[in-house]
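According to Swiss-Prot, the features are:
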BINDING   Cys61, His63, Cys80, His83  [2Fe-2S] cluster binding site
BINDING   Asn169, His175, His180, Asp298  Fe cation binding site
DOMAIN    20-122  domain 'Rieske'
Amino acid sequence: MAQIREIDVGEVRTRFARGWHCLGLSRTFKDGKPHAVEAFGTKLVVWADSNGEPKVLDAYCRHMGGDLSQGEIKGDSVACPFHDWRWGGNGKCTDIPYARRVPPLARTRSWITMEKHGQLFVWNDPEGNTPPPEVTIPEIEQYGSDEWTDWTWNQIRIEGSNCREIIDNVVDMAHFFYIHYAFPTFFKNVFEGHIAEQYLNTRGRPDKGMATQYGLESTLESYAAYYGPSYMINPLKNNYGGYQTESVLINCHYPITHDSFMLQYGIIVKKPQGMSPEQSDVLAAKLTEGVGEGFLQDVEIWKNKTKIENPLLCEEDGPVYQLRRWYEQFYVDVADVTEKMTGRFEFEVDTAKANEAWEKEVAENLERKKREEEQGKQEAEV
């Protein structure tokens, strides 16, 4: 009897990744109101003080468990809707209007925050360490330039999937053909320290996807890098039959529970010469819409697949196990991070065999489509 490969689904994680996590655009939280964010297995409350500085606390009041995100901002504090206990951004209770004094132990958890290029980040570390400067999120030079648009931003709540599902895409060359309808003509990964890089060139499939809409050959040059466990910066150069666009895509997420996460994505676009600001914003919205459609294609797979710790791979599948080893550094204590997790690793996938097979498949699809169209015309003439 032949041996059967069984799927190992592994164990449920007991901690959330150490690192910077983007909660969204900073301006979202600067409207004078408290905002609820479900993350890291709990609920957070996010608001901005009178200086516009973002503050993040655990949302549940340490007095009687009221939800601070349902309260009000009073001065620089967030006031609980239950008994009006007021909490400052440092986690200390600042006032209890009906009490003679504030109990010395009236403290809640405050979260370290950072603002970069119009986005708000929080630092998560199960050990309680402060963020090392070498793992900070890099600046995006294009942001804030008159030559580039502002962020167009969206988010999707993903249920029934662990964050690692989206990380696996960093090394998944073949899914770009089957899920995103593109020929990957170049594909390379580099992992080092807390950064995982993907170098990708693609050509659109003429039988499916965006390339079929315009009848033009489309190409893409992409450099994507995860800085830590959850935040990817992805400069893109698209060419649609000679019309070129440059953009910077953000692909990021934060965990809600161990089997759900909030996927966020946003784009800034270089304004084409001769295009008005309004037209540039429309272009950015269209590109974001296209990215969203791509993510939804992934989401449909994630919703229906199983977790698999022992994937059976061929050589064109890329360094899945090496990527997961890199990713594991964010789920262990700092003292347990090993050289194998952070040491430099490079791998380029040979795409020749894959593209040869895919070219044949696409040619057959186009030929079949042509026959079906001709048959349809003949039937219409009868």
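Just so it is clear, glycine is given a Cβ too, placed from its N, Cα and C backbone atoms.
Model, not experiment: these values are computed from the prediction.
In terms of DSSP secondary structure, the domain 'Rieske' (20-122) contains 7 helix, 47 strand, 49 coil. Each residue in Asp172, Phe176, Ile179, Gly294, Gln297, Ile301 lies on the same chain as Asn169, His175, His180, Asp298 and has a C-beta within 8 Å of the C-beta centroid of that Fe cation site, without being one of the site residues. Once Cβ contacts within 10 Å are tallied over all protein chains shown, the binding-site residues His175, His180 are led by His180. A gap of 44 Å separates the Cα atoms of His63 ([2Fe-2S] cluster binding site) and Asn169 (Fe cation binding site).
When secondary structure is read from DSSP and collapsed to three states, Asp298 (Fe cation binding site) falls in the helix class. Around the Cβ of Asp298 (Fe cation binding site), 19 further Cβ atoms fall within 10 Å across all displayed protein chains. Compute the center of the Cβ atoms of Cys61, His63, Cys80, His83, which mark the site for [2Fe-2S] cluster; besides them, the chain residues with Cβ within 8 Å of that center are Arg62, Met64, Gly65, Gly66, Leu68, Phe82, Asp84, Trp85. The binding-site residues listed here are His63, His83; among them, His63 has the most other Cβ atoms within 10 Å of its own Cβ.
For Cys80 ([2Fe-2S] cluster binding site), the Cβ neighbour count at a 10 Å cut-off comes to 26, with all displayed protein chains included. Comparing C-alpha positions, Cys80 ([2Fe-2S] cluster binding site) sits nearest to Asp298 among the binding-site residues His175, His180, Asp298. Between the CA atoms of His180 (Fe cation binding site) and His83 ([2Fe-2S] cluster binding site) there is a gap of 52 Å, rounded to the nearest whole number. Along the domain 'Rieske' (20-122), the predicted structure has mean pLDDT 98. The number of other Cβ atoms within 10 Å of the Cβ belonging to Asn169 (Fe cation binding site), over all protein chains shown, comes to 20.
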